[in-house]
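Just below is one structure, and these are the notes that go with it.
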Amino acid sequence: MAKTQNFVCFTAVLLILILVSTEIPMIEGKTCKLFRGECPVDPCEPEKCDECCKATFGKQICGKCEQESTELHCHCRR
């Protein structure tokens with residue numbers, strides 16, 4: 001019984017260590033709420049906006065076309 005518990009604890013700790021070392025929680029934690037800037041995409045298309053934001057601000061950024069008065073602007077958020 002004790003060997004089984006030790007094995008389960010060791011396996012759980014090993015899996016947590018692997019999960020943290022691969023930065024999976026950071027990748028999933030992208031909330032896209034913090035405004036980082038704008039990208040000059042005209043006309044604003046979601047794919048082009050996202051590509052521009054990633055190229056300008058880094059991989060952890062997501063780009064979204066958002067209405068600003070009468071125009072669509074490409075906003076980059078983290």
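From the backbone N, Cα and C atoms, a Cβ is placed for every residue, glycine too.
If you go by Swiss-Prot, C76 shares a disulfide bond with C53, out of C52, C53, C62, C65. Neighbour list (C53 (disulfide bond), Cβ cut-off 8 Å, at least 6 residues apart, same chain): R36, C39, I61, C62, G63, C74, C76. There are 23 other CB atoms within 10 A of the CB of C49 (disulfide bond), with all protein chains counted. In the three-state DSSP scheme, C44 (disulfide bond) is classed as coil. Cα separation, C65 (disulfide bond) to C49 (disulfide bond), rounded: 7 Å.
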